[in-house]
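K.L.:
Annotations per Swiss-Prot:
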- C89: active site, nucleophile (ACT_SITE)
- H334: active site, proton acceptor (ACT_SITE)
- 382-392: compositional bias 'Basic and acidic residues' (COMPBIAS)
- 398-413: compositional bias 'Basic and acidic residues' (COMPBIAS)
- 496-505: compositional bias 'Polar residues' (COMPBIAS)
- 510-524: compositional bias 'Basic residues' (COMPBIAS)
- 80-375: domain 'USP' (DOMAIN)
- 382-413: region 'Disordered' (REGION)
- 491-524: region 'Disordered' (REGION)
Amino acid sequence: MEDDSLYLGGEWQFNHFSKLTSSRPDAAFAEIQRTSLPEKSPLSCETRVDLCDDLAPVARQLAPREKLPLSSRRPAAVGAGLQNMGNTCYVNASLQCLTYTPPLANYMLSREHSQTCHRHKGCMLCTMQAHITRALHNPGHVIQPSQALAAGFHRGKQEDAHEFLMFTVDAMKKACLPGHKQVDHHSKDTTLIHQIFGGYWRSQIKCLHCHGISDTFDPYLDIALDIQAAQSVQQALEQLVKPEELNGENAYHCGVCLQRAPASKTLTLHTSAKVLILVLKRFSDVTGNKIDKNVQYPECLDMKLYMSQTNSGPLVYVLYAVLVHAGWSCHNGHYFSYVKAQEGQWYKMDDAEVTASSITSVLSQQAYVLFYIQKSEWERHSESVSRGREPRALGAEDTDRRATQGELKRDHPCLQAPELDEHLVERATQESTLDHWKFLQEQNKTKPEFNVRKVEGTLPPDVLVIHQSKYKCGMKNHHPEQQSSLLNLSSTTPTHQESMNTGTLASLRGRARRSKGKNKHSKRALLVCQWSQWKYRPTRRGAHTHAHTQTHT
């Protein structure tokens, strides 16, 4: 894990994060009848036609299927590396996996959203469009991810990459809703993001006394797999859909025979997604300790056995991205990812470093999050690239694209985004009002099962901490293979009276050390750096530092 950190202060419109894992989502289900799901679930009719008969009509289709780009706009070769701004490897690894998700990338490169977006404040779709466009159009270079991507989430230390990933996906889903806020919740599941990543669970309970059947459905955007007793992803999926007996104290209260009776409960995938996000539950929700074991995962995965209907043909998915955590705890270590470019070549994306890899190396990792896409979808996007232009052959400069953080220059061409992208980033970073933020917080209460660790210390009155870690224990020792960060912030934390300070930079570390003794008896507070007050400028030695504004009381 990187030693030094940067707190990205400021408000973000998508400030509430609810983790959307769905390994056993039964507690969140609302029991409904078979006829209460949409008649045309966004993804089911293409892959599981026989499932559509049980579903009810949608009040409004927010993102019709025909609006998804049918042809690929992605460059065939791999794109840019991402600069680590201090403890942001989890951000970079997650963004690379999303950047190389074909349906999402193609939609972003079409720029259809920015042409119709009427929001005047932060929009995650606009921000992601700008990022993906820059990343894919700057191969061989290193770019700085927009601070708006992590605003309201990053607190200057290691965070959970899966939490950030789903925070971003959920924010993009919410960005599809302006202008459609009065629609029913089924129609909300027809958004562009749900069409790409979403599907439906079916929880079926069968009373063993009267043989009555109750079906409950719930949408999902990712699937969490328990790996404690599993040696492979297939075994974890089998355990997930294994029937459960309800008897004794757990007997089922049947709504048909109106009595408590033994029952059988089964959880299956009712509709499949274009893109599957499978998260391997490697971290304890209480301590954050890691399950350090190898779990095998295939390059091609047939999901037919885990569907509600198994009497049709294979439903094959192919692997296109892997998010990896190196370390023994969620509080330390390092995140990186492997992605499959549209030309078919695998690459390791390790912050600024981009190197060619092989499928053998990809399948040998201790994966944390796996990304699969339907084989038919991948082939369709790959064929469109072949028709458009021939993939560029790997040359010597492509085989090992290494651009370290020390090689970045202030006038590096890749740091200059296209004119449209700059406009989008500027619009996305505008802050929402405090009243609006409070309203959203009231409307989106944190789920009870989401354990939020209380933040000690005092924050400036104009700073809002949107996301807090779910883990209760504090930070542990750093991973021995720590990364060096661009920003060397002092370990000194401001006192209650100095909590309005924006931060201490590397160039002022001496001053911070001299004042450390004066503050050692004061209550510790979080170090807060406002991103907007930092400016990029070179030092005499060629390294990069940042000008800032600091106020003392």
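Glycine residues also receive a Cβ, built from the backbone N, Cα and C atoms like all the rest.
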K.L.:
Using all protein chains in view, find how many other C-beta atoms are within 10 Å of the C-beta of the residue listed as 'active site, nucleophile'.
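P.N.:
Looking across every protein chain shown, the total is 27.
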K.L.:
Need one number: mean pLDDT over the domain 'USP' (80-375).
P.N.:
91
K.L.:
What whole-number Å value do you get for the CA-CA distance of H334 (active site, proton acceptor) and C89 (active site, nucleophile)?
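P.N.:
Distance (Cα to Cα, whole Å): 7 Å.
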K.L.:
When DSSP states are folded down to helix, strand and coil, where does C89 (active site, nucleophile) land?
P.N.:
helix
K.L.:
Within 10 Å of the Cβ of the residue listed as 'active site, proton acceptor', how many other Cβ atoms can be counted across all chains shown?
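P.N.:
Around the residue listed as 'active site, proton acceptor', other Cβ atoms within 10 Å: 21.
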